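So the structure is just underneath, and the comments pick up after that.
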Amino acid sequence: MVEEGNIEASNKAVEEDNGPKGLYYCFWGPIYWFRMLAMETHWSFVFAVVSTYGISQGLGGALARVGTEYYMKDVQKVQPSESQVYTGITSIPWIVKPIWGLLTDVIPIRGYRRRPYFILSGLLGLVSMLIISLHGKLHLVFALMALTAGSAGVAIADVTVDACVAQNSSKIPSLAADMQSLCSLMSAIGALIGFSISGVFVHLIGPKGVFGLLTIPAALVFSVGIVLFEPHDANFAYKEVSKKFLDAGKAMWRTLKCPEVWRPCLYMYLSFALSLNINEGLFYWYTDSKEGPLFSQETIGYIFSFGAVGALLGAILYQNILKDHPFRDLLFWIQLFYGLAGMLDLILVLRINLKFGIPDSVFVVIGEAVTQMIGRLKWMPLLVLSAKLCPSGIEGTFFALLMSIDNFGLLSSSWGGGLLLHTLNVTRTKFGSLWLAILIRNIFRLSPLGVLFLIPRGDPNSSILPTEMLGSEDETVAEESSNIELVSLVNSVDGR
């Protein structure tokens, strides 16, 4: 066995030596990287990540963001603070991600745990987007229901593919950062393309037409459920479902009580919740304020596309330079720069950039790119940390729980920002207090530095969980028996 291991290591070393070098690596490097991930995990896993993160969340999310902004402003004609609250409502399906995680882990449909949920996700997206795009004048309540259903479709696909990411991260810890980088890179590239064309499509076919286009990413997610390779479980005992839910809940609660887990979870929530979201107020100022830049729909799309470039640069920077830095040190500098980057919005709203001869469009592009790059740099180490907090056997469900904590923080941020805009009387026509809202937001962005001690300082490539929570040897062997399917939650619990 030792000799075989040495031979395999030698073969890998030879392959690396024969790999592309120099300038050729700029072209062949990503191809070799994709090939390596597909060989180490499974090609269907890579396809699912590209489809879910790249097409559905990246490209589709970009189209949905710009389309929803103009839909709420021009079709439903709501106030900025109301739009901020409604945006939070449509994100609720992302908060209940543990429910989707439990369903995929505990309740297989016709013997499959992953494929049916991709199919369900695609159907939800198709139906909801068709309703919004084809209805002449949809009431606000029904529009919110359709948008929330579409968001639920994306969330179900996300939690299903996240289960695969978490399991593979546990199975191959050395590739955890690479898999998160793949997710972030696909999301950033998809968003770049989506934002680049979003403004043009909103101008040509309107916000409702954009929702019609979103049926295409939904159909692609549907196809993932058809082609995904997954072992078939024909002997599932459905009578034990309630017991499995109970055991899964106990396992998650036991994990959350561990200080190595709840302390980072608390920090993740606070870091998002305290970064108040007032984007709707800024968007209305960009497009409607007579004292503002009065950007066109195409310009808004191009601005957001530069933000996607910044996010992509952030993912590349993390993957190549920052992924081996300790979590606490890295998050300290990122959070500090995140607060300082918010001052760019203040300079813009106070029109200071014009005094220095910097056009609004140039300054907004710089600010959007910088903010999105820092935001991605903040998000990626938290994703890697979350993957490392998942105990063996309940990776998918627990990773979904951690992501729901993050999304609850984003919801708190959105509603807190809406309350701030309402309190300062920032409306469709009044923007006199917008500068104060930006200043308050920037101060709140720095506040998570005070609770940074909750984050572990150790090596990001080492395990964070206590030894007794990493699972027994038998569980590890069982977990590695398949590439996509997670270990039964009951077996995991009983094994402890």
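Positions of Cβ are set from backbone N, Cα and C atoms, glycine also.
No curator has checked TrEMBL annotations; they are predicted automatically.
According to TrEMBL, the protein carries these features:
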type	residues	note
TRANSMEM	43-64	transmembrane segment
TRANSMEM	117-134	transmembrane segment
TRANSMEM	140-161	transmembrane segment
TRANSMEM	182-204	transmembrane segment
TRANSMEM	210-229	transmembrane segment
TRANSMEM	266-287	transmembrane segment
TRANSMEM	299-318	transmembrane segment
TRANSMEM	330-350	transmembrane segment
TRANSMEM	356-377	transmembrane segment
TRANSMEM	398-421	transmembrane segment
TRANSMEM	433-455	transmembrane segment
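Across the candidate stretches 117-134, 210-229, 330-350, 398-421, 433-455, the maximum count of CB pairs under 8 A to the transmembrane segment (182-204) is reached by 210-229. When Cβ-Cβ distances below 8 Å are used as the criterion, the transmembrane segment (299-318) is approached by residues 62, 65-66, 69, 181, 184-185, 187-189, 191-192, 194-200, 202, 283, 286-287, 361, 364-365, 368-377, 380-381 of the same chain, each at least six residues removed from its ends. Same-chain residues lying 6+ beyond the ends of the transmembrane segment (398-421) with a Cβ under 8 Å from its Cβ atoms: 80-82, 84-85, 87-88, 91-92, 94-98, 100-101, 158-159, 162-163, 165-166, 252, 255-256, 265, 268-281, 382, 386-387, 389-391, 437, 440-441. Ranking 117-134, 140-161, 210-229, 330-350, 433-455 by CB pairs under 8 A with the transmembrane segment (266-287) puts 433-455 at the top. Stretch with the largest number of CB pairs closer than 8 A to the transmembrane segment (43-64), among 117-134, 210-229, 330-350, 356-377, 433-455: 210-229. The stretch with the most CB contacts under 8 Å to the transmembrane segment (117-134), chosen from 210-229, 330-350, 433-455, is 210-229. When each of 210-229, 356-377, 433-455 is scored by its Cβ pairs under 8 Å to the transmembrane segment (330-350), the top-ranked stretch turns out to be 433-455.
Nonlocal intrachain contacts for the transmembrane segment (433-455), taken as residues 6+ away from its ends with a CB within less than 8 angstroms of a stretch CB, comprise 263-264, 266-267, 270-271, 274-276, 278, 281-282, 285, 327-328, 331-332, 335-336, 338-340, 342-343, 345-346, 349-350, 385, 417, 420-421, 424-426.
Outside the transmembrane segment (210-229), and at least 6 residues removed from its termini, the chain residues within Cβ reach (under 8 Å) are 42, 44, 47-48, 51-52, 55-56, 59-60, 63-64, 66-67, 71, 114-126, 129-130, 132-134, 150, 153, 157, 198, 201-202, 483-484.
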